[in-house]
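Taken from TrEMBL as is:
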- 1-44: region 'Disordered' (REGION)
- 87-260: domain 'Yip1' (DOMAIN)
- 107-128: transmembrane segment (TRANSMEM)
- 148-172: transmembrane segment (TRANSMEM)
- 184-209: transmembrane segment (TRANSMEM)
- 215-237: transmembrane segment (TRANSMEM)
- 244-268: transmembrane segment (TRANSMEM)
Amino acid sequence: EFDDATNLLAANPDATTVSIGDPDETAGTPHRHRPTEEEDDLLGNEDSDKIELLAGQKKIAPFWTFEYYQTFFDVDTFQVLDRIKGSVLPIPGRNFVRLYVRSNPDLYGPIWICATLIFTITISGNLSNFLLHNGEPQYHYVPEFRKVSIAATAIYAYAWLVPLALWGFLSWRHSKVMSMVSYSFLEIVCVYGYSLFIYIPTSILWIIHIEILRWVLMSLAMCLSGAVLMLTFWPAVREDNRKIAISTLVAIMMLHVLLAVGCGQYFFDKPEAEDASHIVTSIINVTKGTTQSQ
């Protein structure tokens, strides 16, 4: 048929030809338009509609339910150990929040670190006092359980009230300087809680009755944990006024030093009453000795 058509065209080149196309085209039916990726993004496809529908159905649990607080403890052992390692070994240029906390801030580590620190400080303080007076005939050991409540009040107040005040201050400054880095309250609590871990082994070593060693260990712990706080909160205040930024960092460090020195002096030094009784006893002995000699 093609050969016959070719021969006919060769014999009569002026003949009118008719092309037979696709039946759909001849019927005037348009081609089906295939949407592009951009149009899929703009208009949305079936999968995106399902995702949006599921997202709309997902609800946040009320704060009085167990499910609401369960998200604050959704961490595994490796994450907690990694954050503890980051709080003990601060590296310049690395932000603790961005590197360890921002993906999943937790309360599991801070709560248990504070609880462990409370018991290590009180037990070590009682043991230190016992070893200091061991062998004295007039000494009778009495456990000082009241120090547990004092340590709990001091440590948990520091781990919760200081972050609350700092979060309020940074939020206020962020409303004035929009370029400042903002942290959530949970992230700040997480930083403060993990920064206290270094004091757990330090408080155990404070049992040793060597004053110079105690101050060296205290200074080392303050420098390591304080460096974590400085490296974390410096990006949050460096865009602010220079005086305000420096004052904020100084206040953070002063409160940190006050906690360490206060715990060391209160739980591991001899009470003033005992010192006074020893002084009175020595005065009485000296007086008796002079009276007998006379």
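Backbone N, Cα and C define each Cβ position, glycine as well.
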Within-chain partners of the transmembrane segment (244-268) [C-beta distance under 8 Å, separation at least 6 from its ends]: 121-122, 124-125, 128, 147, 150-151, 154-155, 158, 162, 166, 169, 173, 195, 199, 203, 206, 214, 218, 221-222, 225-226, 229-230, 233-234, 237-238
Taken over the domain 'Yip1' (87-260), the model's mean pLDDT: 90
For the transmembrane segment (107-128), distant same-chain residues with Cβ under 8 A (at least six beyond the ends): 72-73, 75, 80, 83-84, 143-144, 147-148, 151-152, 155-156, 159, 186, 189-190, 192-194, 196-197, 199-200, 203-204, 206-207, 209, 263, 267-268
